[in-house]
Each structure stands twice: as C-alpha cells, then as structure tokens.
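Here is what Swiss-Prot records for this protein:
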TRANSMEM  14-34  transmembrane segment
TRANSMEM  77-97  transmembrane segment
TRANSMEM  109-129  transmembrane segment
TRANSMEM  147-167  transmembrane segment
Amino acid sequence: MLTLEDKDMKGFSWAIVPALTSLGYLIILVVSIFPFWVRLTNEESHEVFFSGLFENCFNAKCWKPRPLSIYIILGRVFLLSAVFLAFVTTFIMMPFASEFFPRTWKQNFVLACISFFTGACAFLALVLHALEIKALRMKLGPLQFSVLWPYYVLGFGIFLFIVAGTICLIQEMVCPCWHLLSTSQSMEEDHGSLYLDNLESLGGEPSSVQKETQVTAETVI
C-alpha cells in the first residue's frame, strides 16, 4: 500500500509541476519582452511614456534613461536569469529529459531550489523596476504613473514557481519517510515468516493466533 501511495504521489508531482513551470516560463518570457510595465504621464506637458526593463517600443514612447541606472541594469540581469532558470526547470521536468538528466532521489530537492531561485530572481527584477520608477518620480517631479498588467502577470508567475518548488520540496521530504515505513513493514513480515519456517522445521505447528496473523499479513500485502 505504501508503495502504491508513493507512486501516486510521484505521478502527481511529475504531472502538475511541469504544467506550473511551463506556464510560469511563458509568463516570464512574455513579460520580459513587453515594454509597457508602467505608464508615465508628465503633468505639465501631458506627455505619456511607458517604462519597462527593456526598451523595445515601436509605436509608443519609451522612457530611455541615459546612462542606465543600477536598478535597470540589475533588474535586467535578474529577469534574464529568471528566464534562463525557468527554461531549465521546465526542460528538466519534461519526460524526455530523463535521457539527459537521470532522475535521482535528490532531484526533487534540486528542482525545488531552482524553482524558488527563479521566483526570487523575477521578484527582485520587479522590485528593482519599482525602485527605478520611485527614483524617477523624485528626480523629475510631477509624474503620474499607473501600473499595467505585466506587473500582475509577473506576480502570478512568481507564485507558480513558489508552488512548484513547494510541491517538489514536500515530495523530497515525504518519500524517504514512506520508504522507511515500507522497509520496516517488510522486515517485520520477513521476521514473521522466518519464525514460522523455523517452527515448522522443528516439527511444531503455529498456533491459531499465529496463523490468523500470517493470513492477515498476506491479505494486507
């Protein structure tokens, strides 16, 4: 029974976690190339600008600070790191990846660490861009800003990676416990069978209670 539960838990984790990481990877990838994170409006000239970590505006005006602030530089580094780690996590979780990365008993722990680190990188990129907007408002004066959908979508992507990492971590913590319980149960059953075999070899017969215990153990198995 424990073995079946172990397999069911592994099947659940290896089914839901790739879905979470794949969706999180797509979210981070789309948000990273989308420039409209924040909408800025100059109250004096009524000019409208859009701000993101990367400047790739086409038909709209992007805010292009020169030189680049430390917030933008670090934000780009963390966001690109999140994209790379999200891709690695998603690739490892795919079924065909077992040919390249053999699944060991520590893989759940490694995947949990990568998932948490991916979420942390994306969160730091979000915070650094927010600090850039705050510094911009203090420097340029009257600027109105409104947060656009990439902020909320990226926050949801961070949540997905936290959930995926938590599932992998729980799997890593629970499986050894089930393995120990299964081993203990198997040792008790082997000890009981050995006792009955020794008793029969000496010419004795097991009591009715021992027979009932053996039948019950076989039924459970």
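Just so it is clear, glycine is given a Cβ too, placed from its N, Cα and C backbone atoms.
Long-range contacts of the transmembrane segment (77-97) within the same chain: residues 14, 17-18, 21-22, 24-25, 28-29, 32, 53, 107, 111, 114-115, 117-119, 121-122, 124-125, 128, 161, 164, each at least 6 residues beyond the stretch ends and with a Cβ under 8 Å from a Cβ of the stretch.
Same-chain neighbours of the transmembrane segment (109-129): 17, 21, 24, 28, 37-38, 51-53, 71-72, 74-76, 78-79, 81-82, 85-86, 88-89, 92-93, 151, 154-155, 157-159, 161-162, 164-166, 168-169, 172, counting only residues six or more beyond its ends whose CB sits under 8 Å from a CB of the stretch.
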